[in-house]
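Remarks on the structure that follows.
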């Protein structure tokens, strides 16, 4: 026998050293201390450089060493217990059905993306809200804070293999480390609809129509929610009028987007730091307070692209049938740097909640990643704010568990027969809750009520010998026997 080799290893700074003995280069390890502390083989290096196992955390010796964990999820995140999951599925199903009705195809992207995909312009909130880190390959990665850059990446990747226009939608989890308020979390799910390859305002008009259709499906009306609509071109024309350099446009948009979040003096101070004159700032803020297209036309004239685009959008809103939902608001610019034209935000008319959704045109996003110059627009719609609005309007649906059948064996030795009945019904596409233990009928009836079962199917000895089961329709109390082969 080869000489005993003693290896001492420390699993981490918080665990005691563990000593193993190896009887040969290929043998299993033996623990010198209490064997209860080992639950798997230890790593042993073979003479040829291979491995014979791996080290894992030791078992706890006594209750005093048990570490109590915080049973709450990390701050800003959520668990989805069955009740919450039913609500989430209900919401997502409406997202998907509206997208389907409008002819959009579903896509998805990795939750983990390269950090560079989201680092665009200094000053964007999203830049400072990334959950980012370096992976084991020394690559900078981030949990996606939004879906649009991932969409752009996929479109560039597909290149000429897809034909334009693309109409895609996605429902994905997003992460942002930000200050939490009502309806704002550090992780949320987002519904996106995007159109790639259509330069006309008809694209934005259809996207708003899709959101309106969703609201109507869940009971939200135009008196509950509206859309503030503007165009980034309004701001562009204003800056050009006052001689503000084009390279300041993105930075100014980011500042203007904070108008409803910070005092106006702070807005003026931040705008002044860009080099814009006090007179230009005052004129700019005056224009941004305009709430009608006619007033905007008085300031900018009627020949600019901004006015033409907005007039077309409001005309199309009449054709789509949602004129009462939208209003012009020059202060809407959206905080992300990539928007280029029409922008819009869905808002709670009572003003109790933050923006419900938002989007617009982002024609220059693909070229910033090295892609072709393709027109594009889309929107993002988070799950958290809309749930808050539904709560406020008492519109949350009642979504209890619903099972078509509950199957119960009346005697312990009939559990196998009950399993046969359950399997037969499931093969026909019916949902079945099979009682897996011997339970009194009182317990079974209570469970049937809790899961909203439609029928109770009892497997009794006499009936089973005859190839039958007892069926009780729980809504009417009607009860009858059915041959197993005839059970539907």
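Keep in mind that glycine also has a Cβ here, set from the backbone N, Cα and C atoms.
Taken straight from TrEMBL:
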- 146, 147, 148, 176, 190, 194, 334, 338, 339: L-histidine binding site (BINDING)
- 76-397: domain 'Aminoacyl-transfer RNA synthetases class-II family profile' (DOMAIN)
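Feature map: annotations from TrEMBL on the structure.
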{"residue": "146", "record": "L-histidine binding site", "Cβ within 10 Å": "17"}
{"residue": "148", "record": "L-histidine binding site", "Cβ within 10 Å": "22"}
{"residue": "190", "record": "L-histidine binding site", "Cβ within 10 Å": "22"}
{"residue": "334", "record": "L-histidine binding site", "Cβ within 10 Å": "21"}
{"residue": "339", "record": "L-histidine binding site", "Cβ within 10 Å": "24"}
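Mean pLDDT across the domain 'Aminoacyl-transfer RNA synthetases class-II family profile' (76-397) comes to 90 in this model. Comment: L-histidine site residues 146, 147, 148, 176, 190, 194, 334, 338, 339; largest CA to CA distance 21 Å, whole number.
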